[in-house]
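Participant: One structure follows; several queries about it will come next.
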Amino acid sequence: VRATEKFASMYFFCHSPQSAETDVAERGNKRPVWIMGHMVNAIAQIDEFVNLGANSIETDVSFDSSANPEYTYHGVPCDCGRTCTKWEHFNEFLKGLRKATTPGDSKYHEKLVLVVFDLKTGRLYDNQASDAGKKLAKSLLQNYWNNGNNGGRAYIVLSIPNLAHYKLIAGFKEALTSEGHPELMDKVGYDFSGNDDIGDVANAYKKAGVTGHVWQSDGITNCLLRGLDRVGKAVANRDSSNGYINKVYYWTVDKRQSTRDALDAGVDGIMTNYPDVIADVLNESAYKAKFRIASYDDNPWETYKN
């Protein structure tokens, strides 16, 4: 019996309806934030990053010359202060990730609710993008979603570095549909990660037929500094009545002051090598009043309206 069920009856004795309403109102007035553990490429790192405070992870996916997803691997160079060479076979990583996100499993982490796959498609020809999407979908269906039978529950973001590879999205959707599981697209979102002009990104989504589930990244390696100008443009698009963006995240943020700056700019997610740093800042009184760590009940495809 889960603790929440066990103590449900006690809750009604302890809480008046009014205080329950206050809890909901307080939750509704705080922006849900995703603390995104960066470069989680070995199964053992899933526990490590979630235990430090991450409710989301980012994993690199490399492809072979036939557009098969091959390894969870970044390689050199990578962020300052990190080992760049941890890896797993992609399908094995998916199995480990499934355990970490399947309720009832001994490795289950309730707080791990979102996974960003950083798709390293740079070595693929543009005309292989659709194939890469199909093969990626089949790998996820079999090894993560367990062919639709009580698989992992995390939401998935497909992060694509090249706007020219927009057909990856259609290929992914086509494969899930042909395999009989179009409903799993409800758990899938998108990101173009190349720091392109916001208007160009919008056009790529138009070509891809995407009208929702959009995360927009902005950032640079922690070895270099980058301002928040483009983040501001992405946030403005997100908050406009006709924008295409649902969520904005910034990477890679490892320091308290840059965390505060990103939160002040209105981001929904912060990618970091040090989840505990972000969690500490979110506990500061100024930020605790406005933000909270996202849970599974927070739909990552919905634009937050305060």
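From the backbone N, Cα and C atoms, a Cβ is placed for every residue, glycine too.
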Participant: With Glu58, Asp60 listed by Swiss-Prot as Mg(2+)-binding, which of these, Asp79, Asp105, Asp118, is given for the same site?
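Facilitator: The record-listed residue among the candidates is Asp118.
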Participant: Need the cross-check against Swiss-Prot: the disulphide partner of Cys78, picked from Cys14, Cys84.
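Facilitator: Matching partner in the record: Cys84.
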Participant: Please give me the CB contact count at 10 A for Glu58 (Mg(2+) binding site), counting all chains in the structure.
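Facilitator: Other Cβ atoms found within 10 Å: 27.
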Participant: Tell me, which recorded positions from Asp60, His74, Asp118, Cys223, Asn283 are within 10 Å of Cys84 (disulfide bond) if we use the C-alpha atoms?
Facilitator: His74
Participant: Using Cys223 (disulfide bond) as the reference point, find which of the recorded positions His38, Cys78, Asp118 has the shortest Cα-to-Cα distance to it.
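Facilitator: Nearest candidate: Cys78.
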Participant: Within 10 Å of His74 (active site, nucleophile) (Cα-Cα), which of the recorded positions His38, Glu58, Asp60, Cys80, Asn283?
Facilitator: Asp60
Participant: Work through the recorded positions one by one (Asp60, Cys78, Cys80, Asp118) and name whichever has its CA nearest to the CA of Asn283 (N-linked glycosylation site).
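Facilitator: Of all the candidates listed, Cys80 is nearest in space.
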